[in-house]
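A.B. asks: What follows is a structure written as structure tokens; I'll ask about it next.
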């Protein structure tokens with residue numbers, strides 16, 4: 001009998017009829033205790049749910065809309081785009097089906113968890129290797145860099161495209177950046193690589209960028225077999241050829257890359273470059289690779305990664321922000337973004353000497369759905385959680401996932417259910433629905449670092465974008481879908497991971 005009165009109060013709360021509102025609320029105060037605070041209920045509705053236009057959940061297939069938020073200025077940053085969208089370097093490559101994407105995503109998850117277990121690795125698998133080939137990742141976060149250098153007479157067009165002129169580079173005889181190479185950002189691998197001439201097809205995979213030819217670069221050098229860079233390769237070492245250090249990275253699906261371990265100039269943007277950048281010059285790869293990418297930009301914790309190589313210059317700090325859809329651009333930053341610290345939620349990194357140094361781990365403590373903390377014992381999260389730029393769907397301990405799924409379904413019961421899609425078992429049919437009220441989901445990490453997910457990080461293909469591990473003893477993984485629009489800062493030197501919402 002009280003619902004109509006409360007409903008009218010809610011309606012009139014936003015109206016200017018103040019006197020009527022006071023009278024209405026006076027009537028509301030006469031109802032039982034659960035209806036005592038109408039204003040509290042109003043605030044509850046607006047703070048625990050967000051209204052999302054269903055059209056916004058689908059990428060604009062034609063137009064690249066650029067950056068939603070301007071990246072931090074005057075920093076070493078590079079635009080990030082997602083594969084198979086209008087902002088991508090190629091519009092022709094076919095996107096994976098949802099079924100295939102989720103299958104490949106599970107392969108990556110299986111490998112990450114295998115390497116984090118204390119079972120070691122197979123003899124033919126390098127512990128810092130990414131689990132699958134380049135196309136085994138939803139919305140591959142890619143950046144375009146330049147590898148190598150050329151004399152001005154050979155590089156007029158290249159330097160013009162980058163906005164670099166000979167005078168700005170130290171004179172008319174200064175070397176200028178080399179060829180554009182599109183690479184996938186990977187926080188779970190250590191060895192960066194690109195395909196290098198000679199690289200005949202099918203021995204190598206087709207790519208849309210020009211192949212990097214080390215003979216055209218004035219700053220290229222292959223590492224001798226007895227060099228420190230070669231000896232530190234460890235499981236990635238692959239012997240010697242003509243006195244030159246060879247590397248090989250083999251992935252669990254059987255794909256691999258091999259060639260000469262080398263160094264050259266890496267140019268990130270018109271004002272930032274890395275001299276003597278160490279990487280694999282791949283002359284052969286096996287498996288199925290995405291023609292949109294020339295290689296991998298490894299960002300893991302091993303000594304071979306870009307993050308480790310540039311630690312003395314950039315403080316062993318890097319960050320990225322993945323856009324909400326392939327219709328927008330994000331950013332990748334080397335060094336501190338210098339945004340006010342109050343905008344970040346900060347949690348410590350977890351260190352475990354028994355686990356590979358490649359991975360960046362944090363401790364998830366709790367999950368909040370629609371303003372309510374899930375009833376999940378903290379021990380369910382004890383195995384820790386990996387931050388991964390290439391896993392798509394976040395994996396949770398089964399105990400936590402069941403609680404999340406139940407709470408989400410309760411908040412979404414007004415919408416039609418749809419059949420599961422692979423590992424995604426909570427899906428909806430939004431046909432004919434213009435907008436939906438989506439419950440807000442917040443991940444709470446150690447030290448009360450609360451990170452509210454963007455709506456694009458809650459639903460994937462109209463399904464709840466989370467899945468369960470096999471058991472609570474397995475480490476969780478925060479996938480790139482949940483990271484969308486959030487700047488994720490890896491302060492390796494400071495032993496922390498920070499999150500800034502609405503950054504891109």
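Each residue, glycine too, has its Cβ placed from N, Cα and C.
Heads up, TrEMBL stuff is auto-annotated, nobody curated it.
Bear in mind that the values here come from a model prediction, so they are computed numbers and not experimental data.
Residues or ranges marked as active site by TrEMBL: 186, 388. Taken from TrEMBL, the feature domain 'Peptidase A1' applies to 164-500. Look at TrEMBL and you will find 115-138 tagged as region 'Disordered'. Annotation source TrEMBL lists signal peptide at 1-27.
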A.B. asks: Within the domain 'Peptidase A1' (164-500) only, compute the mean pLDDT.
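C.D. replies: It averages 91.
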A.B. asks: With every protein chain in view, what's the tally of Cβ atoms within 10 Å of the Cβ of residue 388 (active site), excluding that atom itself?
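C.D. replies: Result for residue 388 (active site): 24 neighbouring Cβ atoms inside 10 Å.
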A.B. asks: Taking only the Cα atoms, work out how far residue 186 (active site) lies from residue 388 (active site), in Å, as a whole number.
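C.D. replies: That separation, Cα to Cα, works out to 8 Å.
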A.B. asks: State the count of C-beta atoms found within 10 angstroms of the C-beta of residue 186 (active site), not counting that atom itself.
C.D. replies: 26
